[in-house]
Each structure stands twice: as structure tokens, then as C-alpha cells.
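Asks: Have a look at this one.
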Amino acid sequence: MSNFDNNPVVQGIDLIALAAQFGTPLYVYDGSVIRRQVQTLRDVFSGTDLRIKFACKANTNLAILRLMRELGVGLDVVSLQEFKLAEMAGFTAGEVTYTPSGADFAEIAEAIEAGLTLNADSIPLLRWFGERFGSSKPCMIRLKPNVAAGGNAKIMTAHAESKFGISVLLMDEILEVVRQYDIKITGLHQHTGSDIKDAEPFLQVAEVVFNAAANFPDLEVIDLGGGFKVSYRPDDAVTDMQLLGRKISDRFNEFCQSYGRKLNLWVEPGKFLVSECGTLLVKTTVVKEDPAKTFAHVDSGLNHLIRPMMYGSYHHILNLSNPAGDLKLYNVVGYICETDNFAEDRMLNEIRPGDVLAFKNAGAYGFSMSSNYNSRFRPAEVLIDGGVARLVRRRETLEDLVATQTGF
Ligand SMILES: Cc1ncc(COP(=O)(O)O)c(C=O)c1O
Ligand SMILES: N[C@@H](CCCC[NH3+])C(=O)O
């Protein structure tokens with residue numbers, strides 16, 4: 001189904017029946033959408049030696065990771081724990097890159113010993129790597145190209161004041177450390193941000209990385225990060241992937257010629273691969289007619305899908321239980337003791353207590369950013385693939401909430 005149709009059926013499976021079977025709140029993932037998105041990336045970059053590294057912080061459910069592996073997609077992890085999950089899903093260290101952000105060096109040492117290639121994000125880390133490993137292990141560098149792009153300020157990661165990466169303005173210092181310790185730099189990386197619509201910023205940062213590449217003779221990889229925009233609203237403009245793929249591929253191939261060798265092109269999308277596959281199903285608990293607003297409370301909140309509250313993000317909402325109901329204006333709000341508005345002044349088919357609502361585009365940074373705030377359980381998760389719905393995470397219990405507490 002299109003992400004915005006009021007059609008409650010995914011691969012022949014009725015979502016209202018699924019909500020009744022597994023309860024709400026429930027994350028539901030459509031595997032066919034992931035397959036489609038992977039194929040699109042391969043098609044648009046077919047002129048290059050492309051490797052896709054799924055930024056798995058977007059969704060670390062083991063079934064999703066396994067599906068990625070089945071599809072030949074590698075991973076980008078940001079923590080040792082994400083790598084441990086990757087291993088459980090069948091990945092080997094060689095299929096995974098490691099892009100920590102200001103992580104403890106003890107964790108980084110463990111990750112390197114486990115076989116991961118480090119993507120170094122600071123000069124102190126690069127120096128530490130040099131002192132400890134010299135040229136005995138490969139190393140990548142995360143550059144900060146000083147380009148501002150992304151859907152909102154909180155998800156822009158490459159502007160001059162961003163904490164991420166090593167500024168390209170520090171190239172002399174980078175080179176001094178690399179030479180001092182004879183570090184073998186096998187890859188240059190940058191990640192501009194998330195929700196980037198236009199091809200222009202992608203091309204702009206690619207130029208910065210290509211220019212920097214001339215300083216590093218041992219490169220095998222150029223990693224241009226993720227950030228491709230998908231449609232969150234019915235009328236959203238999205239990244240023109242055909243155009244982007246063609247422009248980046250052409251420029252990358254030219255660069256390889258001038259570099260003197262064919263390199264691998266890596267991209268590491270999160271949202272592009274999994275945002276549209278996911279729907280969060282919730283149940284309406286109370287409809288409150290207030291003189292100012294009509295509030296539809298649901299059995300979920302910022303503890304399950306924090307994007308609207310954290311970034312002001314739009315998630316399309318459908319009333320699956322009453323698709324032909326009269327249109328009315330609602331504030332759709334959570335059950336958490338915070339102002340956890342999912343939507344304000346949203347026109348929706350009449351909502352009645354018990355109605356199942358669907359929050360679309362919830363596959364990326366949904367469950368993976370969830371919490372137990374207010375001591376609420378996190379949602380269960382279901383993956384629909386090959387026409388079969390499979391529970392891939394059970395609902396939590398009180399035992400899960402207290403499992404790590406001691407001494408009480
Ligand atoms: C290093 C890195 N790569 C890739 C991504 C994926 O971004 P997106 O989900 O927008 O594709 C992120 C997320 O911010 C990131 O930090
Ligand atoms: N979590 C962000 C994307 C990644 C930002 C962190 N680098 C979002 O939901 O839009």
C-alpha cells in the first residue's frame with residue numbers, strides 16, 4: 001500500500017487484525033519495502049562499485065538486520081553493542097564499519113581488536129590509534145566538510161559548528177599525525193545529515209572529500225554517508241534518487257580516474273532503507289472534547305516515537321478503524337506525563353475510543369529511540385515478509401523493567 005492510503009492491508013495481512021492479535025502499541029515492518037529500497041540504491045548507483053552500509057542505529061531489530069544481510073547490505077555501527085547485535089544477526093566484522101562519536105577509547109580498542117575498521121572522528125583519537133596500532137590496522141577518517149544541510153538543525157551533522165568528524169580545515173594536523181605514526185588510511189568518510197532533499201549538498205560534500213583524497217595514497221573507500229530524504233507527508237518533495245545517483249556516480253568515476261585507481265563507493269542510509277517500511281499501530285484510549293481542542297489520546301507517547309516531540313517531525317496518521325468517518329480536527333496526544341503531541345490540528349477521520357491509528361514512516365528512529373519513561377513497556381514488533389507476519393520482539397513485562405535493578 002502507499003504510505004498515505006487508508007488501506008489497512010500489508011502483503012495481504014490486515015493491520016487491524018494484527019493489532020488485535022499482538023496488541024498495541026505495535027511496530028509493524030513491511031520487508032518488501034526494504035527490498036525495494038535496497039534495489040533502488042543499487043539501480044541508481046549501478047555505474048559504480050557500490051557498497052550499502054545500513055546505518056543500523058535507525059533500526060536494530062535482529063530480524064531487520066538479518067534481512068539486510070540476506071540482501072547483501074553491510075552495516076555501519078556507532079557502538080560496540082550495535083556490533084554485538086550485528087554479530088547475532090550473522091554479520092562478520094569485515095561487513096561492518098564502526099563510526100563512534102566521542103566514544104571511550106577503551107570501547108574503541110575492543111572494537112578494533114574484534115576486527116572492526118575504525119572511522120576516526122577526532123584528532124586525539126587518530127593520535128591514540130597511531131600510538132597503539134601504527135600501520136598494523138586500517139583506519140578511516142570521518143571528515144567534517146563544513147556544509148550545512150538536513151531537515152532541521154538537530155539532524156545536520158556536517159556544518160562548521162557540528163560536533164561530528166574532523167574539520168577539513170585541520171588537514172595539516174591530520175596529515176602530521178598520519179605521517180608521524182604511519183597510519184594506513186584506507187577510507188575517507190563524511191555524513192552530512194538527515195532528510196537532505198537536494199542533490200546539490202551531496203555533490204558539494206563529495207567535492208570536499210575528493211579534494212581531501214589526494215592526500216591519502218592508500219584509499220580503498222570513499223564513504224559519502226546517508227541522509228537521503230523520503231516522503232513523510234503526502235506532498236513531500238523527496239531526493240531525486242535517479243538524478244543523485246547519476247550525478248554522484250559520474251563525478252565519482254571521474255575522481256577515480258584522477259586518483260589513479262577504482263575505489264569502492266559506500267553510502268550508509270538509515271531512513272532511506274527503513275523509514276517507509278514501518279508503521280506504529282496505537283489504540284485510542286480517550287477522546288477529550290475541550291473548548292480549545294479535541295484531544296485523541298493514544299496508548300503510546302514520546303517513549304515510543306519521539307521524533308515529533310524532538311524534531312517537530314511530521315508523521316502521517318491514519319484512522320484505520322474508521323476510514324470513511326467524517327473529517328474532524330484533532331490533537332493526537334500520548335499517555336505520557338509530558339507534552340507529547342504526535343500531531344496538532346490534524347484533520348482525521350472521526351476518532352472513537354478503541355480506534356486503531358497508524359503512524360506512518362515509523363521504521364527509522366522509532367523503536368530504536370524508544371524508552372521506558374513513565375515505566376511504560378516499549379512496543380512489540382512484527383515483521384511482514386513473504387506474506388507472513390512474524391513477531392520479532394515480544395512486548396515487555398514488569399520483569400524486564402526491573403531486570404537490571406539491584407539492592408532494593
Ligand atoms: C554516520 C552516520 N551515517 C549515516 C546516518 C544515517 O542517516 P539517515 O538515516 O538520514 O540516512 C547517520 C545518522 O544520522 C549517521 O550519523
Ligand atoms: N534520529 C534522527 C536522524 C539521525 C540523527 C543523528 N545523526 C531522526 O530521527 O531524524
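Keep in mind that glycine also has a Cβ here, set from the backbone N, Cα and C atoms.
In TrEMBL, annotation is done automatically, which means it is predicted and not curated.
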Asks: Looking at substrate binding as recorded in TrEMBL, which candidate out of Tyr259, Tyr365 goes with Arg307, Tyr311, Glu338?
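Replies: So the substrate site in TrEMBL includes Arg307, Tyr311, Glu338 plus, from the candidates Tyr259, Tyr365, Tyr365.
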Asks: For a Cβ distance below 6 Å to any atom of ligand 2, name the recorded positions from Lys57, Gly227, Tyr365 that qualify, or say none.
Replies: Tyr365
Asks: Tyr311, Tyr365: which of these binding-site residues has the highest Cβ count within 10 Å of its own Cβ?
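Replies: Neighbour-count leader: Tyr365.
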Asks: Would you mind checking how many other C-beta atoms are within 10 angstroms of the C-beta on Arg307 (substrate binding site)?
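Replies: Its Cβ shell of radius 10 Å holds 22 other Cβ atoms.
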Asks: List the Cα distance (Å, whole number) between Tyr311 (substrate binding site) and Tyr365 (pyridoxal 5'-phosphate binding site).
Replies: 12
